[in-house]
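Here is the structure we will look at.
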Amino acid sequence: MENTEASLNEYKNQLLIVKQNLDTTADSNQRKSLLELHSELEQLIALTEESLDVHKSTQILNDNNKPKDDLDDEYKLFMQEMEQTGAYNGDPNKSETNIQNGDSDIEDELASLLGMKCAVYHTHTWGGQPTLHNAMVSSVVPRQEDDKFSDLQVRVLFTHPTHTEMIPCPYYLNGDCKFDDDQCRYSHGSIVQLSNLKEAIEPNFEGLKVGSRILLKLKAPDEEVKSTAKKSTEKYHLWHRAIVKTIDMEKRCCVAKLEQGVKCGEKRKSISDQQFVHFEEIFPLSNDNDESSDSEDSLSDTEYPSSKMSHSESYQATLVEKSLQHPAPAMGGWEQHTRGMGSKLMMAMGYVPGTGLGATGDGRLEPVEARMVPLGKSLDHCMEISQRAAGQDPLKIEQMMKRRQKKEEERNKRAYEREKERERRNVFNFLNKTIGDSAGTCETSSSTSIDIKQTSSKELNIERFKIEEGSRKIENEISKLKTILAKYPQGSNGHRSVSLQISEKNRELGVLKQQETQINREQKNRKDKQKMTVF
């Protein structure tokens, strides 16, 4: 009878699911099959209820035939019928008790997880691929009432920390850490989903041999206390990568060489690379040559499992064939001026010259050309130069323009020197300079200001260069005269004569500065006018 009632409840649940699918399904073919299933379930439920009623009535008749005056049995049968019709819900505390019992069972099961060894994936702070590490469950994250099994989380501590962020914080374990989980130098535990926990990886000491990679823990010297993790002693709390050099299986010990040097002690002395350790102080990593293991889960602090790093001989032959089919220029031609560390690193990582980048060698063959741009110039200016020179390097174009400008300045300078030599040999210019008066100079300056408008840009450049040379020469003469003036006592004839010469030179310098200002103003006006005409 109990089996029949269980079957009836199962049929009713199936009928409810079919009704829900009918409400959400729009496909005619699916609705047709669901309707047929619906009718069959209804018939099956009706037949089951009939057989159940017949069985109950038969049992009642048998009970009535017995000589009984026990009212308890009749009351129990009546209450069963009331529960089946839904008029009576039974004990109201029964369901709550069941729920509480279920919750207590879940809490007991979660509490049993504390201290359990497991393996979890960890992503380092600098990124990279997640790697598998052994850990231990330290606590269970408090769950909410509506949490499902997939939402349960636990906090784990790494048993073989390989980096600083994985070392358990001793102050956090004692409840004294003042930093948050994200700010502390050490680990407060990694929170992971309960469903993501994997079985702990047991060490395989039988597979150890010379050349095997292991994790080992350094021994702290007697005078250095390492009970509490701090910056100076954290190297003794880390597990370092090493390679087995010699091994003694009988004594269960080996000599290993550290892959990276470790600094410690006074004046940053290096710890010896060769370490004598027992098997209890090491943890074997996955063997690169172990082909019997098909699992990709291995305790490692590298970015990829070892099974992903091994390449077959056919794969290497394919890369070599690609390199012969597609000859490419030498990668990193600029390294002829350096030690070529970039190419050496690529070779060490498995790059075959002549093949493209990437794991299958299908990437680009030629390196990206590095182009330098002129200093202090905008990108629009560099693009304009490149387009004007048909896509050439803007820095080279800029340098070529500077060379042209320099040649033009040198040409103007030589023309000025020839003009200056011609004027120096002119007798009339010599007489004008020696016996000319101030009126003549003023007239010359006024005529210069008038002739500037009619002078070409090239002549203005020459004139400006002349004025700058003359100003520089007069300033040197003034400094020499001031030095001479300091040698004469004030009020003497020599002092008055030198003072007059200094005044005359200052007047000539002022005239030249005025002419230079006029030329600069005219050149600026011409440039502004040219810009206006361009737009």
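Glycine residues also receive a Cβ, built from the backbone N, Cα and C atoms like all the rest.
Feature list (source: TrEMBL):
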- 164-191: zinc finger (ZN_FING)
- 164-191: domain 'C3H1-type' (DOMAIN)
- 285-314: region 'Disordered' (REGION)
- 288-300: compositional bias 'Acidic residues' (COMPBIAS)
- 303-314: compositional bias 'Polar residues' (COMPBIAS)
- 338-384: domain 'G-patch' (DOMAIN)
- 399-426: coiled coil (COILED)
- 489-535: region 'Disordered' (REGION)
- 490-503: compositional bias 'Polar residues' (COMPBIAS)
Chain residues outside the coiled coil (399-426) and at least six past its termini with a C-beta under 8 angstroms from it: 458, 461-462, 465-466, 469
For the region 'Disordered' (489-535), residues assigned helix / strand / coil by DSSP: 42 helix, 0 strand, 5 coil
Composition by DSSP (helix, strand, coil) of residues within the domain 'G-patch' (338-384): 14 helix, 0 strand, 33 coil
Averaged pLDDT score, the domain 'C3H1-type' (164-191): 87
Residue counts (helix, strand, coil, in that order) that DSSP gives for the domain 'C3H1-type' (164-191): 8 helix, 4 strand, 16 coil
